[in-house]
Amino acid sequence: MIRGIWVTYNLYGGGVSWASLIKPTIQLCEEGIVVSERLGANINAARNLILKTNLKEYFVNNRTGDLMKPGDIYTMTKLGQTLRVIANEGANAIYSGSLTSKLVHDIQSAGGIITKKDFNDYSALVEESFQINLKNDYKVYSGLPVGSGIILAYILRTLDGKLPSPNANLDAVRLVEAFKFAYGERSHLGDHMFVDTSEILEKVTSDTYINSIQKNMSDQCTSTDPKFYGAHFSWLEDHGTENIAVLDSSGNAVAITSTINTAFGSGFVSESTGIIFNNEMNDFSTPDLSNDYGFPVSLSNLVQPYKRPMSSMCPTIITDSKGDVILVIGGTGGLKIPLATAYVSALLLWYNKTLKEAIEEPRLYHQLIPMQVDYEYGVLKPVVEKLKHVGHKMRRMMNKDKSSVSGIFKTPEGIITAMSDFRQQGNTSGY
């Protein structure tokens, strides 16, 4: 992550100093961070992990001896010191500088196999985004697999011209079918540097192919066979993320989604640097295993040297017929990220919703495996009954299952609005 930010800064950083970008985070680490409701819930859910690892140095209240609760303040002074080094030395501090040997020692002492050469050889890829066109001259830009921007694009292309339908019940039927066809394609994806993903790119950009999928989408019934939707492999559930959307006064836009996978990553904190390490290796498929539904794991996502695991993250930018940015969007919530992001995007592009209305709308999800529609509280009963009628198994979601979406939307009148999702207690700011 640090290498990627460093490369981006050197390409597009303008006149802002590197150190000034890191300074606010250093202040938080050293002066204290207030535990939010969301973080408090994550701390409580990870009680056993925290108490048996060195995470307890940060997330146990020394005064009470109990886990940190909302409103408590914690510090990460070691991490603050590490960030000061990175502010002075740049990203090389980690990969070939004063922090490298410390990180290698900490990881190897905990049983890891990383070497200094691994750090030295680490690089960030700079790649062109892919582009797909929608009706009304909208253009959608996102990253190639390992991300799931192509799945978001697949959903929007499939629904383009199918939504809005004559009524909300039929909208829901078509939306869910598009989700299922898109996730059938997802089962074949992996890091495009190792797996040929040209076929899905050709499909998403082909009007003939999209028309054939739209014709296969029935308004009267649904299939319960994943193979009908093109799925022959299962996938692992990835986990929480954070999304940031930025739009500046010149119309430049950035959508960035990042993660350490589960709430506290691997649960391992570097003793010398205070860095909490991720557990992204869990996102690779494991050979010779099937999931709970009898599907073998995806061969496209098996671990290999230098390979990246498949992710559901899909930071996306959409422009209008003039090439102006109208939407900067992304989400959190594992496998539900492309579904939630596509749902909100559709409401903005085709239903004249405000950004607030689109994000707060109760959502439907279908990730193909398991074969069920997950729906949030607030989805109208006639919609639920219609989906049952066409053959869907329905499951009301719990709060912990939900994804969130954050974005910036420019209305046809030129008004810029920004919104974070109440589901994950995000925030917005302007300048």
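Cβ coordinates are placed from backbone N, Cα and C, and glycine is handled just like the others.
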Taking TrEMBL at its word that Thr259, Ile260, Asn261, Asp283, Ser311, Ser312 bind L-glutamate, choose the one of Gly274, Gly323, Gly330, Gly334 listed for that site.
Gly334
Cα distance, Thr241 (active site, nucleophile) to Ser312 (L-glutamate binding site), nearest Å?
10
How big is the Cα-to-Cα gap, in Å, between Ser311 (L-glutamate binding site) and Thr241 (active site, nucleophile)?
10
Give me the count of other Cβ atoms within 10 A of the Cβ belonging to Ile260 (L-glutamate binding site).
19
